[in-house]
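Contents: one structure, followed by commentary.
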Amino acid sequence: MRTPTTILLLVGAILFSGAGYVRSDASDHRYKEGDTVPLYANKVGPFHNPSETYRYFDLPFCIPEGVKEKKEALGEVLNGDRLVSAPYKLNFRDEKESEVYCNKKLSKEEVKQFRKAVEKDYYFQMYYDDLPIWGFIGKVDKDIKSDPSEFKYFLYKHIQFEILYNKDRVIEISARMDPHSLVDLTEDKEVDAEFMYTVKWKETETPFEKRMEKYSMSSSLPHHLEIHWFSIINSCVTVLLLTGFLATILMRVLKNDFMKYAQDEEAADDQEETGWKYIHGDVFRFPTHNSLFAASLGSGTQLFTLTIFIFMLALVGVFYPYNRGALFTALVVIYALTSGIAGYTSASFYCQLEGKSWVRNLLLTGCLFCGPLFLTFCFLNTVAITYTATAALPFGTIVVIVLIWTLVTSPLLVLGGIAGKNSKAEFQAPCRTTKYPREIPPLPWYRSAIPQMAMAGFLPFSAIYIELYYIFASVWGHRIYTIYSILFIVFIILIIVTAFITVALTYFQLAAEDHQWWWRSFLCGGSTGLFIYAYCLYYYYARSDMSGFMQTSFFFGYMACICYGFFLMLGTVGFRAALLFVRHIYRSIKCE
């Protein structure tokens, strides 16, 4: 058991040694009056389609001379960031009033392109000294008219920057579009446009260390916190009711069972051969498709470990707002470093299940989650390339990811598998397994797999569904989510409810003399992932304004992968809890 512990300690040391580096990634530059402060234009895109973003100069803005692309980290590229030097000169404490930076005659095609962008509510994003700036590129004047052909389309041509500074550091920046300085795009004709900008500087007492707090305050407002705490209380009540109910029922039932089975020598044959003790010779019979089962446990354990490490980094403040690409970088690195845990767990359990083809099992473990994720990525990346969107990964980034998988993930997976194979641990079964399996008696329909999965998934989902909206609005929208402590509490509640409901359903399954509980407990535990995917359908059609083939395919494609990951992770939690329970109750009776 030292191997997985060693791997966990190693991963933790690497991550927390790098945590300080990630946090200091925000610019700590000091400037003198007149110094150049880096300003990068990032991307543009429809406001309601967060995945459908394009390079800033894909729209026919004035392109300055010597445009330079910023060298980006892996996480920034995965996040769809494509930073280039912006056309504005915002030197430190250098004020400007209606400075013209470009005069341009827009052709008919450029007018059409801008009008289409304005119609779709295109916004732009920039970074000034690593502080984000947003704004819409234009507006639609509907003037209480219902006929879209009568709408008027305007392009903003004057942007007003207001920058706050504290001594020699930039603290805050905001951009406001001048509503009176517009270019009419309604008709298909050439238009003269004079683009200009204004810069105002104001001093503030806000320290540099707190300049990012502005972006996390929205999620910490009292009315938002009330909803979050209502979610926590709702979840806690669910947990208390569930655990109390199950504990009462199971303890009472098990107590009666133990008393009955303790007197089995005096009881009649028809009384002693009933219930879950009747199948003690079959309950530890290994499941079918043992290689797939072990691989699922290995992948689920890895994803559970990955989630814990992500929460640890979030709670120490690594994922502060607009730390570009930090989450994606952490996901890639931690997944690669924890692959040894998947290999060890899968191979050791597979050998306990008396499996012989451990190499094939290891290959299955490596592909079980990465395979569907890779196929989904290939399809969605092709869609993004077709749209020329920034979500399309460059060839170099794909090569880097393949190298990480080849040089880090795969070797660690193999090393973990070898360690698991050589652990020589035997499966601890309190009862001997008979040579031939008993026939399972006919069961009512509600004891079959699908109704049981529906019952098992509903309760854990009900404990997290309120928090899901805020997570979705952050991942697939423009909300900022920073209350990671509450999210971690919800995650712990999710794990507890999943474990308890799986244990209860496993007991009722065994009491009905159905000994095929291995896969059933895994499926019941993981069924919450199916409920989350069903919530995706509801969120897309009822709570969001997403549209278009690209955004739709990205949303449902990547959410399918995330829900599949939840299925594997929670399935592992459910099975582990059920295994502990089954071992406990059969260890408490005398098995022949």
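Glycine too: its Cβ is placed from the backbone N, Cα and C atoms.
So that you can see what the record holds, here are the features copied from Swiss-Prot:
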- 1-24: signal peptide (SIGNAL)
- 25-229: topological domain 'Lumenal' (TOPO_DOM)
- 230-250: transmembrane segment (TRANSMEM)
- 251-302: topological domain 'Cytoplasmic' (TOPO_DOM)
- 303-323: transmembrane segment (TRANSMEM)
- 325-345: transmembrane segment (TRANSMEM)
- 346-362: topological domain 'Cytoplasmic' (TOPO_DOM)
- 363-383: transmembrane segment (TRANSMEM)
- 384-397: topological domain 'Lumenal' (TOPO_DOM)
- 398-418: transmembrane segment (TRANSMEM)
- 419-452: topological domain 'Cytoplasmic' (TOPO_DOM)
- 453-473: transmembrane segment (TRANSMEM)
- 474-485: topological domain 'Lumenal' (TOPO_DOM)
- 486-506: transmembrane segment (TRANSMEM)
- 507-521: topological domain 'Cytoplasmic' (TOPO_DOM)
- 522-542: transmembrane segment (TRANSMEM)
- 543-553: topological domain 'Lumenal' (TOPO_DOM)
- 554-574: transmembrane segment (TRANSMEM)
- 575-592: topological domain 'Cytoplasmic' (TOPO_DOM)
- 581-586: motif 'Endoplasmic reticulum export signal' (MOTIF)
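Sequence-distant residue pairs (6 or more apart) of the transmembrane segment (554-574) and the transmembrane segment (303-323) include at least 3 whose Cβ atoms are under 8 Å, placing the two stretches in contact. Mean per-residue pLDDT, taken over the topological domain 'Lumenal' (25-229), amounts to 90. As a quick check, the transmembrane segment (398-418) and the transmembrane segment (325-345) clear the bar of 3 or more Cβ pairs under 8 A, pairs 6 or more apart, so the two touch. Nonlocal intrachain contacts for the transmembrane segment (522-542), taken as residues 6+ away from its ends with a CB within less than 8 angstroms of a stretch CB, comprise 293, 296-297, 300, 449, 452-458, 460-461, 465, 468-469, 472, 476, 494, 498-499, 501-502, 505-506, 552, 555-556, 559-560, 562-575, 577-578. Take the transmembrane segment (363-383) and the stretches 230-250, 303-323, 325-345, 453-473, 486-506: counting Cβ pairs under 8 Å, 325-345 has the most. A contact links the transmembrane segment (453-473) to the transmembrane segment (486-506), because at least 3 Cβ pairs that are 6 or more residues apart lie under 8 A. For the topological domain 'Cytoplasmic' (507-521), the residues of the chain that approach it from at least six positions outside its boundaries are 250, 253, 274-276, 278-279, 282-283, 285-289, 293, 437-438, 440-441, 443, 447, 449, 452, 574-575, 577-579, 581-582, 585, judged by C-beta separation under 8 angstroms.
Proximity of distant same-chain residues to the topological domain 'Lumenal' (474-485), defined by a Cβ-Cβ separation under 8 Å and at least 6 residues beyond the stretch ends, is recorded for 47, 50-51, 215-216, 218-220, 225, 228, 311, 314-315, 319-321, 539, 544, 546, 555. With DSSP states grouped into helix (H, G, I), strand (E, B) and coil, the topological domain 'Lumenal' (543-553) comes out at 6 helix, 0 strand, 5 coil. Sequence-remote contacts of a segment are chain residues at least 6 beyond its ends whose Cβ falls under 8 Å from one of its Cβ atoms, and for the topological domain 'Cytoplasmic' (346-362) they are 286-287, 290-291, 293-295, 297-299, 413-414, 416-421, 423-427.
Note on the topological domain 'Cytoplasmic' (419-452): residues 1, 3, 278-286, 340, 343-353, 358, 505, 508-509, 512-516, 520, 523-524, 583, 586-587, 591 of its chain, located 6 or more positions outside it, place their CB under 8 angstroms from a CB of the stretch.
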